[in-house]
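Colleague: Relevant sequence annotations retrieved from Swiss-Prot are reproduced here:
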type    : residues               : note
BINDING : M110, C131, C134, H135 : heme 1 binding site
BINDING : M154, C179, C182, H183 : heme 2 binding site
BINDING : M283, C294, C297, H298 : heme 3 binding site
BINDING : C378, C381, H382       : heme 4 binding site
SIGNAL  : 1-24                   : signal peptide
Amino acid sequence: MQSSRPSDRQLAIVVSVAVGIVVAVITTATFWWVYDLTLGRAQREAAQTAGARWSPSDGIKVITSSPPVTPTDGRQNWMGTQAWNEGVQAGQAWIQQYPNTVNVQVLIGMSSAQIWTYMQQYVSGALGVGCQYCHNINNFASDEYPQKIAARNMLRLVRDVNAEFIVNLPNWQGNYVQCATCHNNAPNNLEGFGAQFINSVPPIKVTVDPLDANGMAILDPAQKPEAIREPVLLKDAILFYIYNYQVWKPFDPNDPESGRGSLALTYDGGRTQDQVTINQNVMNYQAWSLGVGCTFCHNSRNFVAYELNPAGDNVLNPLYAYNKLKAQRMLLLTTWLAENWPRYGAIAKPEIPTGSGAASRYSYQRLGDGQIYNVPGCYTCHQGNNIPLASINQANIPSGDAGIVVLPPQIRGR
């Protein structure tokens, strides 16, 4: 009778496999333990920081932890703890001397103390600069620096963007833009496009055939805007649509073919392959900017549709149609910004900045007055979040006097 006892060779194999499994488990556990000690916690903390809502303390920390600067245009240093303290002390002295406002043109109706609190926390903090960046702190009413004129006009910009584009969004969720929404603790050279756009869009040339006001393709180069009469790099074609978007058939819930704009792939013979490529990459840029996929705005079985109340269970995101309408409104916003940027006090640049502290070249546009400006794009505010982390929701604005210094009613747009 044959023995059922395993042979020595079989036992050796079993023991070897068991030891191997134990060693593999211990090695893997040790690796992840060491990884967590060295990198894991830091990465988790970085992720939490990246996903945290903006706070005025973020910008104030940038100011107080930075080295001083040496202005050459007559302004005083605005960075560092000393500059911050000097600005705070000067502001406190000013509101004691002038409890009623002097030379206030936008935040009319607020007291000097209210304006001072708002400016210190939500303007200085938003831009990551001390009071001296815009003000002669010996005379806060003075308009001697162009940065103050620009800031005043930017308050008008916040008001008008909220009024014209934000509070009347389809399915508005109560979010407003504020200074920090664009600035995120930096006064200028704001990045409008981001690493994914810069690194992922291929360096190929395409022919842009824009649509006219009737939704018909313009094929004659002589009839096109000068910037796109010849083939251009795909990145520049994307920029053209970000800053030159129109709606030629406004949305009507009773018309399934409405809600069509510059990026529509028309049914009359279709568009060229170049136009499809441009369209796809504009969508990619928006998706990268918001940190979302196609179904955030689209029904994947019918990309053209707007179904405000979709039936059935085959729609991943039942609010997608509202998001699609919002995205169209945001393209109208970036177009409006490019058209109106100079009149809101933006300071032109003699040339596109390069080197340390500059944004990518795509963040600078030569506008209608022939000058170069740092113009916002989708990424400027969103930075990978479908709701910008530096926006502010009405639920977070206290009622009554306390809310006035968080987001003044004068710039909420309603």
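Just so it is clear, glycine is given a Cβ too, placed from its N, Cα and C backbone atoms.
Thinking about packing and proximity, how do these listed features fit into the structure?
Modeller: Cβ neighbours within 10 Å of C131 (heme 1 binding site), excluding its own Cβ and spanning all shown chains: 25. Annotation note: C131 (heme 1 binding site) sits in a helical segment as assigned by DSSP.
Note on C182 (heme 2 binding site): other Cβ atoms within 10 Å of its Cβ, all shown chains, come to 22. DSSP assigns C182 (heme 2 binding site) to a helical segment in the three-state reduction.
In sequence order, L263, C294 are the residues of the chain that are 6 or more apart from M283 (heme 3 binding site) and have a CB within less than 8 Å of its CB. Taken residue by residue with DSSP, M283 (heme 3 binding site) is part of a helix.
Here C378 (heme 4 binding site) comes close to G192, I242, Y285, Q286, S289, L290, M330, T334: these same-chain residues lie at least six apart in sequence, with C-beta atoms under 8 angstroms from its C-beta.
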Colleague: Give me the long-range Cβ neighbours of C134 (heme 1 binding site): same chain, 6+ apart, Cβ under 8 Å, in sequence order.
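Modeller: Those within reach of C134 (heme 1 binding site), by Cβ under 8 Å and sequence separation of 6 or more, are Y145, Q147, K148, A150, A151.
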Colleague: Under 8 Å Cβ-Cβ from M154 (heme 2 binding site), six or more apart in the same chain: what's there?
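Modeller: In sequence order, the residues whose Cβ lies under 8 Å from that of M154 (heme 2 binding site) (at least 6 apart) are C179, Y344, G345.
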Colleague: Beyond C378, C381, H382, what residues of that chain have CB atoms within 8 A of the centre of the heme 4 site's CB atoms?
Modeller: S289, L290, M330, P376, G377, Y379, T380, Q383, P388
Colleague: Using C-alpha atoms, which one of the binding-site residues H135, C182, C297 comes nearest to H382 (heme 4 binding site)?
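Modeller: Of the binding-site residues H135, C182, C297, C182 has its Cα closest to that of H382 (heme 4 binding site).
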Colleague: By a simple count of other Cβ atoms within 10 Å, which of M110, C179, C294, C297, C381, the binding-site residues in the record, is least packed?
Modeller: C294
Colleague: Out of the binding-site residues M110, H183, C297, H298, give me the one sitting nearest to C381 (heme 4 binding site) by CA distance.
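Modeller: That would be H183, nearest by Cα distance.
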